[in-house]
C-alpha cells in the first residue's frame with residue numbers, strides 16, 4: 001500500500017520539507033540489495049529509494065510515497081527531476097498556513113521508496129514528531145566515502161564498526177569534521193565529545209533536533225557488536241539482525257526494539273535521552 005500523504009500531520013509535512021535530500025548511491029557502490037542482501041543481476045535489477053537514496057531490489061523497493069521535491073534524492077548526473085513527476089495538490093497544501101515560510105507552498109512528487117523508509121514514514125505520521133527526521137539508511141550528516149571505519153557504541157562501550165558512510169559533522173557538538181586531517185583525529189574528537197558532553201549537549205534545542213535520528217543496518221558475521229546485549233530487550237545481537245544506530249550517541253539497538261521505544265514518546269536513546277519525553 002502506498003503512503004497517503006494527505007494524512008501527514010502538519011508538523012511532519014513541514015519536517016519533510018526541511019529535511020535535506022539524501023545522497024544518491026551510485027550503481028557501482030552496491031552489488032546487492034541494501035535490505036535483503038540479494039545480489040543484483042540482469043533479472044534482479046537495481047531500484048533507488050528516492051528518500052534514502054540507497055539501492056534495493058524490486059521486492060524491497062516497490063512502494064510509493066509523496067514527498068517534497070526538496071527532500072527527494074536524485075541522481076547527481078541528472079540536472080533536474082522530470083517535470084511530469086511534479087504534483088501540485090491544493091487540498092494537501094491548504095493545511096500549511098504559515099505565511100512566513102514560503103517553502104510550505106512547495107511541489108510534491110510521488111516517488112518510489114524502500115520498505116524501511118515506508119515503515120519509518122508510517123511511524124512518523126503516527127507520532128507527529130516535532131523534530132527533524134532522517135531516512136532509515138542515511139542522514140544529512142553522511143557522505144559517500146565508502147568503507148570508512150568510524151566509532152560506534154553498543155550500550156556504553158565504544159566499539160569500531162565498518163560502515164559505508166562517515167560523519168561529516170560531529171554528532172555531539174556538530175562541528176565540521178572536515179577540519180580534521182585524518183580519520184583518527186575525527187574519531188578522537190567524537191570520542192572526546194561523547195565522553196565529556198553525552199549528558200550535556202551544546203544546547204537542548206540542538207539535542208532534540210538530533211536525538212531521534214538513526215540509521216538502519218544489518219549486522220554481519222564480523223560485527224563487533226555480536227554477543228553483546230541490546231539494553232532494551234536484553235537479547236544478544238546476532239548476525240543478520242536489523243539494528244538502529246543512533247546519530248547523537250552512536251548507540252546500537254535492535255531496530256524493532258528502538259522503534260517500539262520511540263512509540264512510547266521517548267525523546268531518543270534509552271541510555272542518553274531516557275529522561276526526555278515528548279510533551
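Note: Cβ is positioned from N, Cα and C throughout, glycine not excepted.
Values in this document were obtained by computation on a predicted structure and should not be read as measured data.
Annotation source Swiss-Prot lists Zn(2+) 1 binding site at 33, 36, 57, 60. In the three-state DSSP scheme, residue 33 (Zn(2+) 1 binding site) falls into the coil class. Around the Cβ of residue 33 (Zn(2+) 1 binding site), a 10 Å sphere holds 22 further Cβ atoms from the protein chains shown.
Marked as Zn(2+) 2 binding site by Swiss-Prot: 49, 52, 114, 117. For the recorded site, residue 52 (Zn(2+) 2 binding site), the DSSP three-state label reads coil.
Residues or ranges marked as phosphoserine in Swiss-Prot (evidence: experimental evidence): 200.
What Swiss-Prot lists as zinc finger is 27-122 (among others), and the listing cites sequence analysis.
The annotation zinc finger is assigned in Swiss-Prot to 230-273 (among others) on the grounds of sequence analysis.
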The one of 36, 49, 114 whose CB sees the fewest other CB atoms within 10 Å, among these binding-site residues:
36
Counted with DSSP (H/G/I as helix, E/B as strand, rest coil), the zinc finger (230-273) has 9 helix, 10 strand, 25 coil
